[in-house]
Amino acid sequence: MLILGLTGSIATGKSTVSREFQEKYHIKIIDADVLARKVVEPNTPCLIKIQKEFGNEVLHEDGTLNRAKLGQAVFQDAGKRSLLNSIIHPAVRLEMLKELLRCYVRGYSIVILDVPLLFEAKMQFICWKTICVSCDKSIQKQRLLARNPELTAEDAENRVQAQMPLELKCQLADIVIENNSDLETLYENIHNVLPLITPSYFFTLLCLILPPLQITLQVIAFVSQKKKVSEFRKHI
């Protein structure tokens, strides 16, 4: 089973790419955003920690997480954002590993981890290849403002700047899918990526019946991604 990581930045089209992989090509997607919502359900350890660190004001009256309030608390405070990530990321990683184990047992040939903060959360180290969805910064802002008309141009800029620079993500990624044009062009770019990420049936079968092969594959992926990060740091 090949594990791939899919990431991007806000309004670059990552969700569209993820949906196309899943709906047209029937590739299993594990969505980190879905898992992130799961780990902060009422009475979960994560939500209890968040309440302790950020106060009762980040909860609704029914005990569910008030995402708007929490977002306001961490959006422009890097320290609080880092604290929140330190609470949520480990729990999401654990849920993701559980999902990956289920996928392996069920014989999936390929699984894509849809993770907005793939590199920030260091999730690339379990991926054989990483994919970043990219677009020009001006197009990114236009899409963000069109999607969220309540935002000002300054708000859009702040949201873009709050994330790891997209150019850095592209440098860290193994594959970049450009999304600077229309949907038809994007779908063509996705189609062109498939030969680079699709394992053979024979390889999938071998990984399933020979667990040591899957373990070896993961070790190779870890070493490869580590090497890529090390090389990247030498040039910054």
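Heads up, the Cβ atoms here are built off N, Cα and C, so glycines get one too.
Neighbours of Gly8 (ATP binding site), defined as other CB atoms within 10 A of its CB across all chains, total 30. Annotated ATP binding site per Swiss-Prot: Gly8, Ser9, Ile10, Ala11, Thr12, Gly13, Lys14, Ser15, in sequence order, evidence recorded as sequence analysis.
If you look up Swiss-Prot, you'll see 3-208 marked as domain 'DPCK'.
In the three-state DSSP assignment, the secondary structure recorded for Ser82 (phosphoserine) is helix. For Ser82 (phosphoserine), other Cβ atoms within 10 Å of its Cβ number 11. Look at Swiss-Prot and you will find Ser82 (among others) tagged as phosphoserine, backed by experimental evidence.
Within 10 Å of the C-beta of Ser86 (phosphoserine) we count 11 further C-beta atoms, all protein chains included. The phosphoserine feature in Swiss-Prot is assigned to Ser86 (among others).
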Judged by the number of other CB atoms within 10 angstroms, which among Ile10, Ala11 is the least packed of the binding-site residues?
Ile10
Using a Cβ cut-off under 8 Å and a sequence separation of 6 or more, which residues in the same chain sit near Lys14 (ATP binding site)?
Leu6, Thr7, Gly8, Asp114, Pro116, Val133
Lys14 (ATP binding site): secondary structure state under DSSP, collapsed to three categories:
helix
